[in-house]
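K.L.:
Let me begin by handing over the structure; questions about it come next.
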Amino acid sequence: MPKRDDIKTILVIGSGPIVIGQAAEFDYAGTQACLSLKEEGYRVVLVNSNPATIMTDAEMADKVYIEPITLDFVSRIIRKERPDAILPTLGGQTGLNMAMELSAAGILDECNVEVLGTDLTAIKKAEDREAFRDLMNELGEPVPESDIIHNLDEAYTFVERIGYPVIVRPAYTLGGSGGGICHNEQELIETVTSGLKLSPVTQCLLEKSIAGFKEVEYEVMRDANNNAMVVCNMENIDPVGIHTGDSIVVAPSQTLSDREYQLLRDVSLKIIRALEIEGGCNVQLALDPDSYNYYVIEVNPRVSRSSALASKATGYPIAKLAAKIAVGLTLDEVRNPVTGTTFAHFEPTLDYVVAKIPRFAFDKFEQADRRLGTQMKATGEVMAIGRSWEEALLKAVRSLEIGADHLLLEEAENADEATLERKICFPEDDRLFFLAAALRRGQTIEQLHAKTKIDLFFLYKLSKTIELENRIKENPQNQEILAEAKRAGFSDAFLATCWNVDEQAIYDLRKAQNLFPVYKMVDTCAAEFESTTPYFYSTYEEENESTRSAKESVIVLGSGPIRIGQGVEFDYATVHSVWAIQQAGYEAIIINNNPETVSTDFSISDKLYFEPLTLEDVMHVIEIEQPLGVVVQFGGQTAINLADGLAKRGVKILGTSLEDTDRAENRDAFEKALEILQIPQPAGKTATSVEEAINVATDIGYPVLVRPSYVLGGRAMEIVESEEALKHYMTNAVKVNPKHPVLVDRYVSGQEVEVDAISDGENVLIPGIMEHIERAGVHSGDSIAVYPAQRLSSQVKNTIVDYTTRLATGLNIIGMLNIQYVVDGEEVFVIEVNPRSSRTAPFLSKITEIPMANVATRVILGENLIDLGYTPGLAPEKQEIFVKVPVFSFAKLRSVDTSLGPEMKSTGEVMGKDVTLEKALYKGFVASGTTMHDYGTVLLTVADRDKEEAVELAKRFNRIGFTIMATKGTASTLEEANIPVSQVKKIGENQETLIDYIRNGQVTLVVNTLTTGKRPERDGFQIRRESVENGIPVCTSLDTAEAILRVLESRSFELESMNASEVKQPKARV
C-alpha cells in the first residue's frame, strides 16, 4: 500500500540522556528514523534532551528541539509545531512513556495528533503487566504464574501462595529498574518497595521464578497489511534470571532444535499480530531445556537494545524500516538496502555467528554490588562476528578493554576455591572468566551445568578452548597448532604469552606461513543474492571479500563499548570525522565493535570493519587497506592507546604526532613544556613509589590531587587529605597503569573552566569557554557546565585565550585539544591538556554551530582554519545561556556512593538553553530527571568546613518557604544564625532518624557534603543511598545546591502583608 499522504509533519520523540538500560542504540534508531522519514518527504520535528547525539544535529530533522522530554515541554512543542502525528517507538522507554502521558493529559486529542507505529492500546497491553497477562491468557500463551500487586500486603499474599523465589517486574520501567529475584522476606520488602516507587503507575508483577530456563529473544517486524517476519533470533548464554542486557548473547541461537525454533517463532509472530504493532518488536521467551514447555516473559512494543544488536548482527536496518512501516509502507514494497534487489519481507539468513558481551562499570565502582539479576547494570556492550561460536566469543572478549586478551583473568586464576564456587553459582559480571578457571582446574562441564544451568553446548565449546590452550602450551611454535588457534579466535598476544615470546614473533611466524585473516561481508542473505554491503568481519579462511579501492583512504578508529568516562560523545565525533573525510574526497573506513552506535551503521562510512580495537586486529585491516593514515583523536582513550603500537609498525598517525601527544599526557614532559611556554600550573610532581608520593605531598602541602597518567574519566583520581590516606591510595592506584607514574598536585579549590579548541599548527580556533558550577575537585564530566561563562572577568577570559593558543601551538597540536583550567581570583592555572576530542565537543558544536570534529578532521588532513572560513581566537559568544547537566544511573547501581569527586560517575548528559541562567538550569535539571519542588523540606547535613557556606544557603531556602531539617551539628550552626530549623536524629540514635524521614517522603531535597562516606557503613553513604533509592535529589556539592536554589528563587514570588510591623522582617518569597 502507498505511504500516507494525509500526514505532513511527524514529531519523533528521542530517548533523552544515556542511562543504564537506555544507551546509544536509541541515537542509532532515532537517526535512522529521522533520515528515513525525510527520505519519504515528510517534515520531521525532533525533540530530545541529549546534545551528545547525532540525531540532534540540525541536519537530521527539519526542526530539532533540544528540550526536556517532559509533559510540559513536549506539549509546548506540539502546540507550536502542530504535528499531524508522533512516532514514539524509536525513543526507548522514554518515548513510550511520554506518548502515554500526552494521551492521558488530553494533549493528543486537543491537538488532533495521531500515534504512529504502535497505537496506545498496544503499548498499554505490552507495558501494563496486568493487561499483558490478560492478553496472553486470551491467546492461550503461557506466562509464569503471577499476580499484579500495588502494595507490600498484596506481595505477601502472593508469596504465601507460591513460595520463594519470586521475580518482581515493575510496570513501565527501563532495563528492569526496581526489579529483581527475591529469595526471602527482606529481599521482597526492598525490591517491591523500590519497584513500586519506580513504576510510574505504582504497579509490579510478581511471578513464580523460572530462573534456569533458556532465555530466547525474537526480533520481529510487522506492517499494516499484517505481513510479519523474524529479523533475528538470539539466545542468551545465561539462563532466565539475568537481565538480557547483562547476558552474553549469541545470534543465531545455537542450541534450539528446528522444532523449538519454529515453535517460538510462531509464538512471536502470533503476539506481534495480536498487538497489531506496526514496526519493530522484541519478544522474550523462556524455554524449558528438558521439554517443549515455554513461557512468554515480556514484549517490548518498540525498537530496543536488542533491535540494535539484531540490526548489526544481520545488517537489516530495523529502525529505518520501522519508520517506513509507520507511515503506511509495507514489507513487500520496501527494498532491503543491503542487497538493493530483495525486499524487506525476506528474513535475513546468517552464515556466521555473532557474540555480544556486556561492558560494566565496576572498574570505577569498587563498592558496587556486582551480582547480576533482573535489573540491568551494564553501561554498554561489544559485538564480534566469527565463523564459529568460540571465534566470535574470543574476539568479543578482547573487544571489552578490561585488560584481558583471552578467557584469562588474573583474579579468576588466583581465586581460592570458595571464591571460585561463589562466582560460578552466584553470577557476577566476570563469571565467564571464572568458568574458564574452573575448567582449567579440572571441573567437568556436567558439574558446571548443574551449578549454572548454562547449556552444555556452550560449556563444551569453552572446554574445547581450554583444551586447545593446553595443546598450544605443549607444542611451542607448532605451525598446525598455530593455524588451529587462529581459526578458533586466539589472539597473537595470548599465543605470545603461551610460548614466552613477544607478539611480533607470533606475527613473523604467521607471515612465514602466510597465515592472515580474510574479510567476509555481512549481507543478510548468506551470499544467496548479490550484495555490495561495505560491512566486514575477519576470519581465518580462504576467500577474501574485501578489496581495496583505487581511491585513497583514511581509517578512523572508533571508541569501543560505552562506559563511564567514554560515552556516546566520542561516537558523535567519530561519525563527524568520517563525514569530513568523505567531503575532503577520501574513502572513509571505520573500525569499531559497538553494536549500539551510529558509527557502526554500515551506511555511514565507505567501509565498516566490525573488529576488536586491538593492535593485531587493527593492523590486519591496515595491511589490507593501505590507508593514507589513521585518525585516533576521536576514539577516546581506546584509540589514543593504540597510537604508539601503530606508529612503531610504520603506520602514519594523522594529526598531532605521537611525540607531542606524549608531551601533553606525560607529566614530566608537560611540565617542561609549560616552563618554556611560561604557563602556571598547581604545584606538583610525579611519583613512582609510596615514599616518593609522601615526599612530594609533604613539600607542597595537603590536600593533594592524585591521579595516574593516561586515563579517561578520572579513573582512580582522588583528593587526599592526609599521609595515611595517600599511602592507602598509592597501594591501589599505581596498579592502574604501571608504565606511567602517578601525578601528585596541590589541590586548588577554585573555579574550574574547560576549553575545547582546534589548531592547524599555526592558527587556533576556540569555539567557546565553559565554566563549571561545581568548584575544582568534581570531575568535569560530573560538573554542570555553563556557556558562555558567567563569572569570568574579561581579563581572565583573555588569559585563557592566550594560554590556550600558546599551548596548542607550543605542543604542535594538529586537530582538537581539550584544556581544563582552575581560576583562583584573577589567576589562571592549567590542570591538564588532552590532545584529542572531548566529552564536551558535541555540546559546544551544537551551540556555537562550529562542527568541531568536522573542522578538526579537515585540519588533520592538511587544510588550514582560515581557508576553511574560520577566524582564529575565541568565537563570538552567543546571547542565549546553555548548560550541560550530568545524568547518573545510581538507582541501577546499588552500593555505589553518590558523592561527587575527581572520579567520573555520570553515564550521560542533557542540555538546557534559555535567555537566563536560571531558566537554562531549570530545563537542565528537569531534563536530567531532578524533581524541582517549589516548596517542601530541605535536609542539611554538611561537613564542618562547609557550615559557614551552608548558613547562607539555608537562609535563602527559608526565605522562599522551605522548611529546614538538619542533624545536630549543622542545626546548632543554623540556630546560632537565627534560622528556623528542625533537628533530626542521626543514624543509630533512638526514635525517628533522618533515614526514616527520607523513607517516609518527608524530605524533598538532601544536601550532604560528608566526603568520608566511601565505606558503606558511614552515615553519609547511607543518607545518600537512601535518598537515591527513594527518588529524592541529593546534592553532594554546595555549588549544585546553590544552582538548584537559584532556579527555585527565580520561580518564586515575594509576599508581604500591607500592614507590616514597624520592625521590618525579611520578606518571604514563595
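Even glycines carry a Cβ here, placed using N, Cα and C.
Values in this document were obtained by computation on a predicted structure and should not be read as measured data.
Straight out of Swiss-Prot:
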REGION    1-401  region 'Carboxyphosphate synthetic domain'
BINDING   Arg129, Arg169, Gly175, Gly176, Lys208, Ile210, Glu215, Gly241, Ile242, His243, Gln284, Glu298  ATP 1 binding site
DOMAIN    133-327  domain 'ATP-grasp 1'
BINDING   Gln284, Glu298  Mn(2+) 1 binding site
BINDING   Gln284, Glu298  Mg(2+) 1 binding site
BINDING   Glu298, Asn300  Mn(2+) 2 binding site
BINDING   Glu298, Asn300  Mg(2+) 2 binding site
REGION    402-546  region 'Oligomerization domain'
REGION    547-929  region 'Carbamoyl phosphate synthetic domain'
DOMAIN    671-861  domain 'ATP-grasp 2'
BINDING   Arg707, Arg746, Val748, Glu752, Gly777, Val778, His779, Ser780, Gln820, Glu832  ATP 2 binding site
BINDING   Gln820, Glu832  Mn(2+) 3 binding site
BINDING   Gln820, Glu832  Mg(2+) 3 binding site
BINDING   Glu832, Asn834  Mn(2+) 4 binding site
BINDING   Glu832, Asn834  Mg(2+) 4 binding site
DOMAIN    930-1070  domain 'MGS-like'
REGION    930-1070  region 'Allosteric domain'
K.L.:
Name the residues of the same chain, 6+ apart in sequence, whose Cβ is under 8 Å from the Cβ of Asn300 (Mn(2+) 2 binding site)?
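P.N.:
Asn300 (Mn(2+) 2 binding site) has long-range Cβ partners Ala126, Cys281, Asn282, Gln284, Ser306.
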K.L.:
Could you count the residues of the region 'Oligomerization domain' (402-546) that DSSP puts in helix, in strand and in coil?
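P.N.:
Final tally across the stretch: 78 helix, 11 strand, 56 coil.
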K.L.:
Radius 10 Å, atoms counted are CB only; among the binding-site residues Arg129, Lys208, which position scores highest?
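P.N.:
For the binding-site residues Arg129, Lys208, the Cβ with the most other Cβ atoms within 10 Å is Arg129.
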K.L.:
For Val748 (ATP 2 binding site), which of the binding-site residues Arg129, Ile242, Glu298 has the nearest Cα in space?
P.N.:
Ile242
K.L.:
Consider the binding-site residues Ile242, Glu298, Glu832, Asn834 and say which one has the Cα lying nearest the Cα of Gln820 (ATP 2 binding site).
P.N.:
Glu832
K.L.:
How many other Cβ atoms are found within 10 Å of the Cβ atom of Gly777 (ATP 2 binding site), counting all protein chains shown?
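P.N.:
That number is 21.
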K.L.:
Measuring Cα to Cα, how many angstrom lie between Glu215 (ATP 1 binding site) and Glu832 (Mn(2+) 3 binding site)?
P.N.:
47
K.L.:
Between the Cα atoms of His779 (ATP 2 binding site) and Glu298 (Mn(2+) 1 binding site), what distance do you get, rounded to the nearest Å?
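P.N.:
Distance (Cα to Cα, whole Å): 39 Å.
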K.L.:
Spatially, which candidate from the binding-site residues Arg129, Lys208, Asn834 is nearest to Arg707 (ATP 2 binding site), comparing Cα atoms?
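P.N.:
When the Cα distances are compared, Asn834 comes out closest.
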K.L.:
Could you check the binding-site residues Ile242, Val748 and say which one's CB has the fewest neighbouring CB atoms inside 10 Å?
P.N.:
Val748
K.L.:
May I ask which residues of the same chain, at least 6 positions away in sequence, place their Cβ under 8 angstroms from the Cβ of Glu832 (Mn(2+) 3 binding site)?
P.N.:
Ile819, Gln820
K.L.:
Across all the protein chains here, work out how many other Cβ atoms are within 10 Å of the Cβ of Asn834 (Mn(2+) 4 binding site).
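P.N.:
A count of 21.
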K.L.:
If you count other Cβ atoms within 10 Å of each one's Cβ, which of the binding-site residues Glu215, Glu298 has the most?
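P.N.:
Going through Glu215, Glu298 one by one, the largest Cβ count within 10 Å is at Glu215.
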K.L.:
So for Arg707 (ATP 2 binding site), how many other CB atoms are inside 10 Å of its CB?
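P.N.:
I count 22 other Cβ atoms within 10 Å of it.
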